[in-house]
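For reference, the structure discussed in these notes is given below.
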Amino acid sequence: MSSDRTREVTKRILMVLFGLWLLQFFFLPPLTTRPTELSYSAFLDALEDRRVQEAVVRDRVLQGKMVGGESFTVTLPPDAAGLAERLEEAGVEQRYEVTRTPWWVTLLPTVLWLAVMVGLFAWAQKRQAGAFGLARSTVKPLAPGESPVTFADVAGMDEVKGELEEIVDYLKNPDKYRAIGARIPKGVLLYGPPGTGKTLLARAVAGEAGVPFFALSGSSFVELFVGMGASRVRELFAQARKNAPCIVFIDEIDAVGRQRGSAAVVGGHDEREQTLNQLLTEMDGFGAYEGVIVMAATNRPDVLDKALLRPGRFDRQIPVGPPDAAGREEILRVHAKGKQLDPSLDLAAVARRTPGFTGADLANLLNEAAILAVRRGRSHITMSEIDEAIDRVVAGGPARKGRMIRPEEKRRVAVHEAGHALVATLTPGADPVQKVTIIPRGRAGGFTLTTPEEDQMLYTRSELEARLKMLLGGLAAEEVLLGERSTGAQDDLRRATQVAREMISRYGMGQSVGLMAVPDTDWPGVQNLSQESAAAIEREVQALLDRLYREVRSLIETNRDRLVALVVELSDRETLDGDDVRRILSA
């Protein structure tokens with residue numbers, strides 16, 4: 001039984017006993033008859049009548065018995081002189097007793113008072129520590145064998161697993177590395193976008209190696225008061241040394257490992273730097289053969305302090321990116337275990353339709369499809385549920401088919417999405433259209449889904465311009481067919497501006513800054529280029545978008561009849577796949 005459970009049971013037993021005592025005290029009759037209380041004058045009358053048999057005097061109280069056996073008590077007044085003579089004359093058997101208080105009774109109030117004061121002081125300290133985050137939190141390791149995750153549960157990352165297998169082999173067989181004089185890396189940094197499986201990989205290493213696994217977040221080190229984070233780092237590594245060989249995993253290490261020395265940081269600056277300094281010291285403090293492996297994960301390796309990444313600390317840095325088509329298929333097969341799939345469902349086709357999806361996205365995709373299958377009363381997951389789940393992930397919400405839309409607004413959405421689809425289909429280098437719909441979903445009135453035929457790492461200038469043209473196609477179609485623009489292009493313009501700005505300022509595809517890449521900065525108020533250069537970049541971004549918009553408008557005006565046919569078909573059917581779009585535009 002846990003300590004919290006034991007404490008709760010004890011509390012309830014004490015409450016029941018206290019309730020029974022109150023019940024007996026107030027409602028139940030006494031087990032013995034209480035003596036009758038007599039006044040002093042009544043006692044003297046009984047004494048004169050010789051009805052008193054015996055008397056015991058204790059301090060100022062007389063307890064006695066009548067001749068008939070009735071007990072009584074009398075409180076003696078201060079002027080009760082001569083009482084002994086009267087009792088003797090009446091022939092009453094009398095005794096005198098002196099009440100002696102034990103020493104512990106005299107000391108008990110003082111002890112109780114001190115105990116109450118100490119308890120209140122301890123309670124106040126605990127409350128204060130909890131309020132300011134100062135309570136010590138001992139990190140408990142995951143014992144060997146408790147991690148259910150192994151490399152068999154990690155799919156689509158064969159290269160990354162190959163790098164980590166050396167760490168596992170060292171933890172299992174350190175002697176062969178020591179014999180040859182090899183030094184295993186002290187630290188392993190996993191970096192990549194969210195949802196790619198960095199934490200899963202760390203747990204798989206612990207599960208494969210069968211060693212204790214300490215896991216915590218980088219933000220748990222940074223506290224309000226200076227010194228608390230450094231203290232927690234010392235405590236963590238002290239426990240790690242006691243449990244060696246083991247793995248210490250720090251998730252989101254950028255919360256504590258950011259670059260030092262920026263004056264723009266306000267609040268928590270000294271505490272974070274002291275915590276980072278202590279982490280650096282601890283990683284230098286254990287030897288190459290102590291068996292403590294530090295693993296960390298981050299989405300932003302570019303903001304980490306250089307001292308943290310030097311050889312001897314995190315000297316093995318492993319990128320964990322989104323999987324390719326083959327990796328996505330492997331991940332889908334792992335997450336499909338335990339799910340009832342339709343025999344006709346092709347996971348390879350699903351993998352080809354989901355470029356850029358991470359492992360977390362694919363797991364969520366299959367889970368959403370399973371929920372949709374249950375909602376529709378089906379016993380298997382079909383491609384229909386997969387399509388709907390992909391749309392939910394891409395567009396950010398379920399279809400709002402019951403929403404009432406004005407006919408003119410529905411036509412405008414159809415024109416807008418048809419413009420995207422036409423430009424994407426007729427522009428060389430653009431990603432092919434997979435689906436176009438005017439069914440509202442999330443905050444969008446409709447959307448056009450385009451995906452590359454193959455996974456792509458590099459993009460040329462013409463390919464990026466083709467993407468910009470596709471984004472501007474909806475706005476141009478509205479202006480050509482309907483005569484004016486609407487707010488429906490808000491997200492398209494935001495994305496187009498971002499791509500154009502990156503082309504000019506990061507990829508060397510402009511003239512304003514030439515081949516110089518403008519660095520990013522996370523510090524508020526810190527300028528990374530002059531105002532003149534920033535203005536020149538903005539002017540070139542505007543000129544690029546204006547030129548591409550003119551080309552897109554010219555393309556739409558040339559193919560106006562095709563656009564109208566696509567709008568009519570889309571308005572009637574509401575959803576078209578890529579083959580339908582290409583058939584209509586080729587007619």
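One is the number of the first residue shown, and numbering goes on along the chain from there.
Each Cβ is built from the backbone N, Cα and C atoms, and glycine gets one as well.
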Among ASP346, ASP361, ASP491, ASP492 - the residue Swiss-Prot places in the same Zn(2+) site as HIS416, HIS420: ASP492
HIS420 (Zn(2+) binding site) to THR199 (ATP binding site) - Cα separation in whole Å: 38
For HIS416 (Zn(2+) binding site): intrachain residues, at least 6 apart, with Cβ closer than 8 Å: GLY445, GLY446, GLY474, LEU475, ALA477, GLU478, SER486, GLY488, ALA489
Zn(2+) site, defined by HIS416, HIS420, ASP492: further same-chain residues with Cβ within 8 Å of the Cβ centre: GLU417, GLY419, THR448, LEU471, GLY473, GLY474, LEU475, ALA477, GLY488, ALA489
DSSP residue counts for the topological domain 'Extracellular' (34-102), split into helix, strand and coil: 16 helix, 26 strand, 27 coil
CB within-chain contacts under 8 A for GLY197 (ATP binding site), separation at least 6: VAL154, MET157, VAL320, THR358, GLY359, ALA360
GLU417, ASP492 as recorded positions, winner by CB count within 10 A: GLU417
Neighbour count (Cβ, 10 Å) for THR199 (ATP binding site): 17
